[in-house]
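Visitor: Taken from TrEMBL, the feature Mg(2+) binding site applies to B:ASP455, B:ASN482, B:GLY484. Taken from TrEMBL, the feature domain 'Thiamine pyrophosphate enzyme N-terminal TPP-binding' covers B:11-112. Marked as domain 'Thiamine pyrophosphate enzyme central' by TrEMBL: B:207-329. Summarising the annotation, TrEMBL assigns domain 'Thiamine pyrophosphate enzyme TPP-binding' to B:397-490.
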There are 2 protein chains.
Amino acid sequence: MSQAQQETIPLGAYICARLRQLEIGSVFGVPGDYNLRILDYIEPAGLRWIGNCNELNAAYAADGYARIHGVSVVMTTFGVGELSAINGIAGAYAERAPVIQIVGAPSREIQRSRTLVHHTFIDGEFGRFARMHVHVTVAQTSITHVRTAADQVDWIIEQAILHQRPVYLQIPEDMPDVPVSASNLRRKPTVSPSIHSVEPDANHVLQILNRMYSAKKPLILVDGESKNMGALEEIEQLVKVTNWPTWSTPFGKGLVNEELPNVRGTYLANYGVKASAEYFMTSDLVLFLGPHLSNINTHIFTAIPDENVTISFSPNQVKIDGQIIRDISPCRMLQSLLQCLDSSRLVKISGPNSPTPPIHKPAPSDSLSQEIFYPFVNPMFRRGDTILTETGTAAEGGQVFKLPSHTRFFTAVTWLSIGYMLPATLGAALAQRDSAIATHCAEHKPKRTILFIGDGSFQMTAQELSTIIKQVLNVVIIIINNNGYTIERVIHGREASYNDISQWNYSHALRLFGLDEEESSRRYFSARTWGELQTALDSEELHRDDGVKVIEVFMDQEDCTGELRDLLKEQLAREKL
Amino acid sequence: MSQAQQETIPLGAYICARLRQLEIGSVFGVPGDYNLRILDYIEPAGLRWIGNCNELNAAYAADGYARIHGVSVVMTTFGVGELSAINGIAGAYAERAPVIQIVGAPSREIQRSRTLVHHTFIDGEFGRFARMHVHVTVAQTSITHVRTAADQVDWIIEQAILHQRPVYLQIPEDMPDVPVSASNLRRKPTVSPSIHSVEPDANHVLQILNRMYSAKKPLILVDGESKNMGALEEIEQLVKVTNWPTWSTPFGKGLVNEELPNVRGTYLANYGVKASAEYFMTSDLVLFLGPHLSNINTHIFTAIPDENVTISFSPNQVKIDGQIIRDISPCRMLQSLLQCLDSSRLVKISGPNSPTPPIHKPAPSDSLSQEIFYPFVNPMFRRGDTILTETGTAAEGGQVFKLPSHTRFFTAVTWLSIGYMLPATLGAALAQRDSAIATHCAEHKPKRTILFIGDGSFQMTAQELSTIIKQVLNVVIIIINNNGYTIERVIHGREASYNDISQWNYSHALRLFGLDEEESSRRYFSARTWGELQTALDSEELHRDDGVKVIEVFMDQEDCTGELRDLLKEQLAREKL
């Protein structure tokens with residue numbers, strides 16, 4: 001037996017070593033008696049344990065971390081923990097965030113003997129919860145054999161990265177201390193070469209180039225699955241070299257540099273601009289990057305380009321005018337295109353102009369309104385920020401943001417589970433901080449994470465603010481206090497009491513969740529008028545980069561913008577019948 | 001066509017009428033765009049909508065309501081809502097609470113056309129979430145045909161009551177307004193007669209009676225599934241007429257009147273009392289009512305009586321010395337036994353004595369300790385209270401409570417999902433209030449609900465306190481601030497940071513969650529010493545029955561009792577090796 005074959009390491013240490021190799025810095029989760037033994041390995045491996053307030057929040061945070069870092073991990077206990085987390089895992093599945101869910105399970109002996117232990121239905125059946133996860137993860141495994149353990153861990157990590165979706169790894173509680181082969185650790189966890197090493201077919205490259213050369217009214221549409229293709233640099237280069245009009249979808253917003261002159265924000269923000277809509281609808285070539293065709297992301301299917309003029313790039317496939325070329329790397333295809341492209345042969349496009357932000361200068365004593373609010377706060381953003389808009393009026397309003405370069409932007413486009421964004425803010429902020437530590441750029445200003453969230457959504461997962469406080473993260477939370485679920489009101493039941501929520505005093509949130517009186521009041525701002533909001537935005541305290549800040553803004557319960565306002569008008573019209 | 005056949009009613013109204021017939025007063029849930037149309041029917045039917053802060057809390061609350069009232073309902077939206085709730089539904093499955101989960105789903109047309117709408121994985125597949133519920137509910141149905149709609153509603157309600165477990169009812173959003181046959185409403189929702197009308201076999205009755213007459217050292221053991229047999233009155237009569245020593249399990253505690261002289265509390269509380277353990281172990285007849293054999297409920301399987309001396313009564317079966325008689329009603333069997341019983345032929349038992357509660361009179365300036373705490377607060381309980389002890393030190397400590405008659409007691413024995421008890425407190429308190437309204441006993445003192453909960457558990461679902469405040473419920477919450485997850489510390493990782501939690505300032509909870517400064521401080525008490533605790537317990541404010549009160553008690557992070565202390569000692573011993 002060779003030296004390499006003899007090397008062993010406890011399974012728990014093996015898993016944590018793999019997580020470190022993935023450059024993960026923070027591990028989310030909640031302790032429970034079946035997972036405590038694996039938790040022992042986290043800190044010794046140089047990982048930070050983020051104990052969340054509950055498992056759903058932990059899964060949401062892991063999703064947020066994965067969207068910034070590329071992969072993340074959440075650890076829960078069997079049954080109660082994993083089922084609390086499952087809606088967060090489902091969201092990561094829907095919007096393609098590779099979260100590794102690690103579940104501590106009863107020991108192999110307890111499972112074999114069908115012992116009637118807690119966190120089960122005392123029927124001797126231990127497989128139910130893994131089977132439930134089949135619907136929300138791309139791969140599932142339970143480690144029960146020491147000889148295959150290391151390979152199983154590697155396999156499940158590969159599946160998460162390959163499919164860009166969550167996976168489910170179950171570890172019986174007698175396994176973390178069991179020695180397993182360490183030989184795999186010599187190479188980093190990788191995805192099998194397969195398609196990523198294959199040169200794209202020259203005919204396909206030529207076919208696309210010819211379409212690009214002959215286009216008279218081309219555009220580029222950047223959608224959210226671009227992130228999952230690992231092709232953001234290639235896309236930025238394509239946008240720069242063509243200088244063609246470029247839009248993003250809500251899911252794609254923030255993935256392409258909005259400081260570039262030809263980048264026009266989302267199609268949704270351009271919705272009312274006639275010239276934009278006309279250009280979009282009559283284009284003769286759309287390069288569609290990372291399509292994600294949910295109703296919300298496509299402006300209720302109206303912003304999907306005509307298939308006959310579209311070349312789309314998705315993970316593992318490219319589609320030219322409806323013809324699918326499978327099993328190729330869109331990233332390699334983009335690289336080949338960029339290498340061969342003769343930009344002098346491309347049409348030069350100057351229009352259509354971006355929408356000009358409204359120049360209403362509201363009176364300082366006027367009440368806040370959604371229409372003006374988002375352009376008004378836009379100047380607060382700076383390069384490097386991560387900006388999140390929770391489902392509801394914030395998601396609709398935030399579409400008009402003009403983002404500085406190097407910002408990231410989160411908005412829900414398919415899963416739309418309200419309550420997601422606050423824990424996702426925690427996850428995103430930790431991913432930003434971990435990456436700053438990893439790249440030793442501590443000399444830079446600390447990264448900032450800015451969340452816009454309605455009161456109803458905030459109540460769902462509010463306690464996770466305490467973890468943001470504990471981790472001293474540089475987060476600004478703008479709570480839109482508009483007396484309930486405005487997004488539901490505009491859909492149905494405008495004045496129905498079921499769309500009301502409990503009345504909270506949000507100014508006391510920081511106090512309950514861990515800060516003392518002085519810190520709590522120093523970090524809280526509120527605004528009912530533009531003058532008050534400007535004072536908050538200008539205040540030195542807000543710009544100190546020394547941890548969490550909360551700005552509570554008050555708006556009318558039926559105030560909204562864009563599509564939400566259209567829905568409200570329809571409801572009001574129905575009421576008059 | 002007869003008149004009856006012609007009567008129709010919108011499906012939403014039909015469902016709500018059925019819920020009213022089940023004497024349900026409160027409906028839990030969260031609005032979402034796919035369920036808004038059914039929510040329109042709640043208030044017109046005379047039901048109260050309890051908008052919870054999130055869906056897991058709603059499911060927990062519905063579980064608490066079902067345990068008091070016998071059945072309950074939670075309404076969520078598709079995907080995001082139902083998956084957030086699913087861990088609560090699983091807990092109701094594990095511990096047999098009949099919760100009707102009603103999920104508003106996308107319309108039949110959207111499902112048929114496989115439209116890529118939000119709250120799905122945009123793959124045209126709408127059946128995943130119902131399939132996930134197969135594992136945690138006893139019956140599932142989606143209403144898609146107008147002609148079978150009413151019967152389907154009735155069938156699913158019957159399944160919940162019959163199996164005493166949750167069921168899953170999906171309503172596409174175009175269905176609530178569709179007219180369905182109202183003819184079923186003339187009869188109340190019922191369970192098909194089947195076994196409940198069948199007279200027990202006289203031979204079996206005689207067999208049990210003879211065993212009772214010949215027993216020299218008999219006992220009665222009341223477990224939690226007694227509640228699901230609908231036989232609590234018969235059990236109380238059996239306990240009274242035999243006057244035999246009676247214990248309960250943790251799950252059975254509160255189901256039998258502890259003011260009766262022969263009722264000795266839980267076996268766990270009697271654990272250290274040698275005479276009790278010896279009597280229990282050498283008994284020659286155990287009447288075991290509603291067995292529920294999880295590790296936690298059976299003192300890690302040590303409190304399961306010998307099968308050879310046991311006659312057990314479970315829903316749908318009776319077991320005599322290991323021989324199972326299936327398909328009979330345990331309730332009817334108990335009625336037959338009581339009718340035929342000649343109590344003069346029963347052995348008279350005087351011992352063993354109940355454990356005497358410790359008579360430590362702690363000094364007023366001494367710090368609080370778990371050992372003394374539970375007997376110390378016991379005098380605060382009064383008849384009619386509902387008392388809940390959350391998983392952790394509270395569940396362990398609360399086993400020693402001596403309950404007044406007509407109290408109900410909740411402790412988790414199988415699912416043990418921490419965070420459950422605060423929303424369950426909301427649900428139980430509403431069930432108590434609804435039943436008081438239903439029986440017009442408003443002249444009585446308002447019922448009180450008292451929760452003992454650790455800080456780690458409180459953080460999981462803390463926001464539901466705001467719903468308790470909004471509903472002006474008469475609830476006392478005792479928060480045990482002991483710096484983290486003590487129950488995990490005693491199992492493993494005594495000083496590990498993963499068992500720490502964020503530091504909250506619990507004195508500000510009432511303020512954040514809706515009360516003004518004055519109300520908030522009037523209703524909050526804290527105690528580090530016995531003197532402070534006594535002052536709180538004696539205070540007039542606490543006894544005003546005018547809504548929520550919070551008492552924060554501080555204890556050491558490794559302070560615990562009973563089995564938890566044994567586990568801690570084992571860990572300390574291992575550390576010394």
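Each Cβ is built from the backbone N, Cα and C atoms, and glycine gets one as well.
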Visitor: Which chain neighbours of the Mg(2+) site, leaving out B:ASP455, B:ASN482, B:GLY484, have a Cβ atom within 8 Å of the mean position of the site's Cβ atoms?
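Guide: Leaving out the recorded residues gives B:GLY454, B:GLY456, B:ILE480, B:ASN481, B:ASN483, B:TYR485, B:THR486, B:ILE501, B:GLN557.
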Visitor: Looking at Cβ-Cβ distances, which residues of the chain lie under 8 angstroms from B:GLY484 (Mg(2+) binding site) while being 6 or more apart from it?
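Guide: Once residues fewer than 6 apart are set aside, B:GLY484 (Mg(2+) binding site) is near B:ASP455, B:GLY456, B:ASN499, B:ASP500, B:ILE501, B:GLN557.
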Visitor: What same-chain residues, at least 6 away in sequence, bring their CB to under 8 Å of the CB of B:ASN482 (Mg(2+) binding site)?
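Guide: Expected: B:THR393, B:GLY454, B:ASP455, B:PHE554, B:MET555, B:ASP556, B:GLN557, B:ASP559.
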Visitor: According to DSSP, how is the domain 'Thiamine pyrophosphate enzyme TPP-binding' (B:397-490) divided among helix, strand and coil residues?
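Guide: Per-class counts: 43 helix, 17 strand, 34 coil.
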Visitor: When DSSP states are grouped into helix, strand and coil, how many residues of the domain 'Thiamine pyrophosphate enzyme N-terminal TPP-binding' (B:11-112) land in each?
Guide: 53 helix, 21 strand, 28 coil
Visitor: Average the per-residue pLDDT over the domain 'Thiamine pyrophosphate enzyme TPP-binding' (B:397-490) and send me the rounded value.
Guide: 93
Visitor: Using a 10 Å radius around its CB, how many other CB atoms surround B:ASP455 (Mg(2+) binding site)?
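Guide: Cβ-Cβ neighbours of B:ASP455 (Mg(2+) binding site) within 10 Å number 25.
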Visitor: Just to be sure I understand, if DSSP states are collapsed into helix, strand and coil, how many residues of the domain 'Thiamine pyrophosphate enzyme central' (B:207-329) fall in each?
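Guide: For that range the per-state counts are 35 helix, 30 strand, 58 coil.
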